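A.B. asks: Below are the structure tokens for one structure; questions will follow.
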Amino acid sequence: MSVTQQSQTPPLSRRFSVAPMMDWTTPHFRYLARLLSRRALLYTEMVTTGALIHGDTARFLRHHPAEYPLALQLGGSNPEELAHCARLAEAYGFDEVNLNVGCPSDRVQNNMIGACLMEHPDKVADGVRAMIAATSLPVTVKHRIGIDGRESREDLYHFIETVAAAGCRTFIVHARIAVLEGLSPKENRDIPPLNYPWVYDLKARYPELEIIINGGIKSFAECHQHLQHTDGVMLGREAYHNPWLLAGVDSEFFGEPDPITSRHEALRAMLPFIEEELERGVYLSNITRHIMGLFHGQPGGRQFRRHISENAHRPGSGIEVVLDALAKVHQPAPSPAREAVI
Ligand SMILES: Cc1cc2nc3c(=O)[nH]c(=O)nc-3n(C[C@H](O)[C@H](O)[C@H](O)COP(=O)(O)O)c2cc1C
């Protein structure tokens with residue numbers, strides 16, 4: 001990363017972040033998200049310590065310097081492995097390392113990764129302690145308010161206190177329990193009811209900790225409501241399906257000018273990056289599937305998505321597919337006030 005890029009990176013703030021989402025918060029989605037907001041903190045997809053240590057490390061950690069501030073999310077529980085991966089995160093330029101204690105999939109439970117670790121606060125604390133010793137990056141934990149069988153407030157307090165005693169200052173709390181027996185990961189994001197008051201209570205009880213709330217948040221009005229009780233909001237699905245929402249984050253939550261004034265401008269700003277990626281041999285459809293939400297609810301938005309769905313997967317598809325799709329959406333004339341800002 002060049003010095004210029006470094007000096008342009010805004011300070012890390014967790015007031016507004018985009019959640020880690022496997023297969024969704026890829027470098028391509030994150031690039032778009034960063035064009036829309038300079039200040040939203042972005043998270044990678046979860047990568048397991050095993051994959052990083054034994055797999056193609058450089059591929060798993062690949063990101064564009066434009067994505068900063070960017071947090072790497074790890075899945076794992078072995079302290080030495082977590083420490084090693086935290087060091088890698090620092091070496092590769094990430095701004096934060098986050099430990100996943102919220103993912104309920106069977107696959108990860110067998111390896112002691114994700115939400116099943118809520119049953120083992122000491123193990124999480126050992127991992128966090130090892131990561132803190134290994135890196136100067138902030139180490140944060142993303143977790144649920146409980147898991148089936150361990151869903152009392154006392155269990156949650158015990159979890160937080162044990163992990164905070166290991167040095168963790170920031171807890172990102174998905175405000176529902178995970179049911180490890182009988183619900184799929186997808187069902188686990190919808191069926192257990194949201195319980196925001198418990199997250200608010202954590203902030204009231206541990207004011208010295210940074211508490212970020214996550215789960216089911218869809219609008220800026222809801223964000224402001226949550227920010228009265230917590231230090232930050234994290235949005236997942238809404239940010240992915242309706243990324244244009246991110247275009248208002250800098251003014252709404254940071255009092256700074258928004259970087260982009262129209263969806264068209266955002267996509268045009270992304271074209272050079274798409275071309276670079278195509279030159280590296282990335283299939284167009286692997287990029288475009290993450291921009292499908294950009295014209296959500298706009299006149300011509302459906303035609304935009306249809307054109308991309310029907311054409312981006314064809315062998316040899318290039319940037320012209322994106323340009324033709326873009327021509328199908330109406331470009332609103334910029335308002336005089338907006339023009340003055342530019
Ligand atoms: C497709 C998908 C993949 C996800 N992958 C991860 C992941 O890798 N790590 C993680 O901590 N949470 C993951 N989550 C959960 C989200 O980070 C978030 O906690 C959850 O979706 C609730 O927030 P939301 O209601 O704003 O979407 C994933 C969610 C979705 C929809």
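Using N, Cα and C of the backbone, Cβ positions are placed for all residues, glycine too.
This is the feature table in TrEMBL:
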type	residues	note
DOMAIN	18-321	domain 'DUS-like FMN-binding'
BINDING	P20, M21, M22, Q73, K142, H174, N214, G215, G216, G236, R237	FMN binding site
SITE	N100	site 'Interacts with tRNA'
ACT_SITE	C103	active site, proton donor
SITE	K186	site 'Interacts with tRNA'
SITE	R189	site 'Interacts with tRNA'
SITE	R302	site 'Interacts with tRNA'
SITE	R305	site 'Interacts with tRNA'
A.B. asks: Among all chains shown, work out which of the recorded positions K142, R189, R237, R302, R305 has the most CB atoms within 10 A of its CB.
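C.D. replies: Ranked by Cβ atoms within 10 Å, first place goes to K142.
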A.B. asks: Taking just the CA atoms, what is the gap between R237 (FMN binding site) and R189 (site 'Interacts with tRNA') in Å?
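C.D. replies: On Cα coordinates alone, these residues lie 10 Å apart.
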A.B. asks: In sequence order, which residues at least six apart in the same chain have a CB under 8 Å from the CB of M22 (FMN binding site)?
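C.D. replies: When sequence neighbours closer than 6 are ignored, M22 (FMN binding site) has E45, M46 within Cβ distance under 8 Å.
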A.B. asks: Near N100 (site 'Interacts with tRNA'), which of the recorded positions K186, R189, N214, G216, R302, R305 can be found within 10 Å, Cα to Cα?
C.D. replies: none
A.B. asks: Please list, in sequence order, the residues in the chain of N214 (FMN binding site) that are at least six apart in sequence and whose C-beta is under 8 Å away from its C-beta.
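C.D. replies: Correct list: A19, K142, I172, V173, H174, A175, V233, M234, L235, G236.
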A.B. asks: Under 8 Å between C-beta atoms and at least six apart in sequence, can you list the same-chain neighbours of G216 (FMN binding site), or say none if there are none?
C.D. replies: A175, L194
A.B. asks: Which recorded sites from the list K186, R189, R302, R305 come close to ligand 1, meaning a Cβ under 6 Å from one of its atoms?
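C.D. replies: List returned for ligand 1: R189.
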A.B. asks: CA-CA, which of the recorded positions P20, C103, R302, R305 lies nearest R189 (site 'Interacts with tRNA')?
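C.D. replies: Answer for the nearest of the recorded positions: C103.
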A.B. asks: Using a Cβ cut-off under 8 Å and a sequence separation of 6 or more, which residues in the same chain sit near P20 (FMN binding site)?
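C.D. replies: Counting only residues 6 or more apart in sequence, the Cβ neighbours of P20 (FMN binding site) under 8 Å are Y43, T44, E45, M46, A71, Q73, N98, N100, K142.
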A.B. asks: Among all protein chains shown, how many Cβ atoms are found within 10 Å of the Cβ of K186 (site 'Interacts with tRNA'), not counting that one?
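C.D. replies: Taking all protein chains shown, K186 (site 'Interacts with tRNA') has 10 Cβ neighbours within 10 Å.
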